Amino acid sequence: MINSLYHREESKDVEFKHIESQHPVKKIVNHAEEYITGFLNALVEGELYLGIDDAGKILDVKLSKSERDEIQKIIPNKLRNTDPIVSPSLYDISLYNIINEEEKEIDDLFIVNISILGIDENQFYRTSSREYFLYKTTGGSTYLKTGTDCIKLNTTERAQEIQKRKQKYLKKELDDINNQLLQNPDNRSLLHEKAKIAKMMGDIETIDETYKKLINLNPKNYRTRVDYASAHKSIGDLEGALDILEDALKIDKDNLSILKTKGEILLGSDKAKEAFQTYEAALKLNPEDYTIITQTGIALRKLGKYRESIKVFNLALAKSPHYRVAKYEKKITYHKMFEGGIRI
């Protein structure tokens, strides 16, 4: 009944919205997209009532027959453009007539009710790529229903929410692998998978334990040591990564992959001189590798040797004219030269 109080209150799974607009369809569609994705991301079944204010007072939404038809058509069409697509099976749109004190229906006055179904959290996790996702609106925004609010997550908050949920799935996978390793403790495929998951979790203890086991099983496998160093690099331990690579070079001092990885980490550690020396050693092994030549140019630029850097980028492009990294780094170097007033 109009102006009466609705029998439910706002909560985590109930939301009221008063529609004050000369264009109610647009307002309704926008609220629908926001709250449908927000409820789905919160993993709760929800009810959105449009035409009721925050206090629970039943007001109305004035909708003509054509506007009611538009609502039923536009909402599904808009939700086909969210990321990922929201299936129509996940929500239901209903319109209820409002009655007056004499319990007679009032022409063209309605409450719009959108029911959002709960979704199994497993559907948010892509096992093959170990990625967790949240629904984004057509405008690229992420909403999350919390309590009586539907908050818009900023980029950092979205990443934190995804990482928090993803950790749960990664831990489950890690537990499954550990159970398999009880039966087959030296299975290198399982150990590599365990190391990969530990890296994604940022679990340094498990990273060290697993890679040391792999190295003991096959001490001459340089790829394992490079992966071990990369895992330390991924958690910000650049010095630890360099120590691992130094140990690897003691076993295989002329390994190109180890030298390239070492040079990359040295550049990231602002150790341009050591990086340059490392790339020089790598180029002696393969003078035609334009990727190493390009990295050498970057090291020279960081050392302030801009002209030498340009010559090196030109050499890389002579060997691979379409190599975009060399083109980009050359452009950056010219820009720095002009900034510093250095004449070519």
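The chain as shown is numbered from 1 upward.
Even glycines carry a Cβ here, placed using N, Cα and C.
What TrEMBL says about a protein is an automatic prediction, not a curated fact.
These features come from TrEMBL:
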DOMAIN    10-153  domain 'Schlafen AlbA-2'
REPEAT    256-289  repeat 'TPR'
REPEAT    290-323  repeat 'TPR'
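Here the repeat 'TPR' (290-323) is broken down by DSSP into helix, strand and coil counts: 27 helix, 0 strand, 7 coil.
Cβ atoms under 8 Å from those of the repeat 'TPR' (290-323) belong to residues 260, 263-264, 267, 270, 272-273, 275-276, 279-280, 282-283, 329-330, 332-334, 336-337, 340, 342, 344 of the same chain, restricted to positions at least 6 beyond its ends.
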